[in-house]
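Novice: This structure is in structure tokens; I'll ask about it shortly.
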């Protein structure tokens, strides 16, 4: 446990959580703000993949694993681009994407939970982790619709990715307007699990981070008071 904490603290210095949060927000907001086009889709794809790989990359200390991550990123982006252009390599893209969307949250939560010191950047990491859950589930829903058309029903001719991010956000927060409905049994179970995970994340992860942040702030103020 001590080794994990040391590794986590060595990799959570600096402002990388803030950088990852900015990239993640960019991938979410690009299409709603600027409309759907190939350039926007390509930029969103690049931001999402960089964000997921970055979450894994900054949680790893070994340079060999970081190098492997960089190579996997290049392969993933190349296959995704080929799938966008001509529809080939969809199976490879789905396989790599599945691995990434599972690994990124796990590594992020591991880094956040292992850190026993609370600071503002760790709070930013908590916000990033919460939005990362929404994006990961949105990717899952998007792949499900491509694999099983009609598994999620929504009204209007809206962009798929934007619609799935919206559906994922309202599900994660247990808001649920009801304008997008999961139809396939797997989609219904996934939506239910996402709502549960969203509640648990706020209670466990954010509660732990805020608790550590308040304790460290109190200890800092106490030391400053003793020094006067």
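Cβ from N, Cα, C; glycine included.
Quantities reported herein were computed from a predicted structural model and do not represent experimental measurements.
In case it's useful when we look at the structure, here is the feature table from TrEMBL:
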DOMAIN    131-209  domain 'Potassium channel'
TRANSMEM  12-30  transmembrane segment
TRANSMEM  42-60  transmembrane segment
TRANSMEM  67-85  transmembrane segment
TRANSMEM  91-113  transmembrane segment
TRANSMEM  120-140  transmembrane segment
TRANSMEM  160-177  transmembrane segment
TRANSMEM  189-210  transmembrane segment
Novice: Do the transmembrane segment (12-30) and the transmembrane segment (189-210) come close, with at least three CB pairs under 8 A (pairs 6 or more apart in sequence)?
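Specialist: Per Cβ check, the transmembrane segment (12-30) does not touch the transmembrane segment (189-210).
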Novice: At least three Cβ pairs under 8 Å linking the transmembrane segment (42-60) and the transmembrane segment (120-140), pairs spaced 6 or more in sequence?
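Specialist: Counting Cβ pairs under 8 Å (6 or more apart in sequence), the transmembrane segment (42-60) reaches the transmembrane segment (120-140), since there are 3 or more.
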Novice: What residues elsewhere in the chain lie close to the transmembrane segment (91-113), defined as a C-beta under 8 angstroms and at least 6 residues from its ends?
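Specialist: Beyond its ends, the transmembrane segment (91-113) has Cβ neighbours at 4, 8, 11-12, 49, 51-53, 55-56, 58-60, 72, 75-76, 79-80, 83, 122, 125-126, 128-129, 132-133, 136, 139-140, 143, 205, 208-209.
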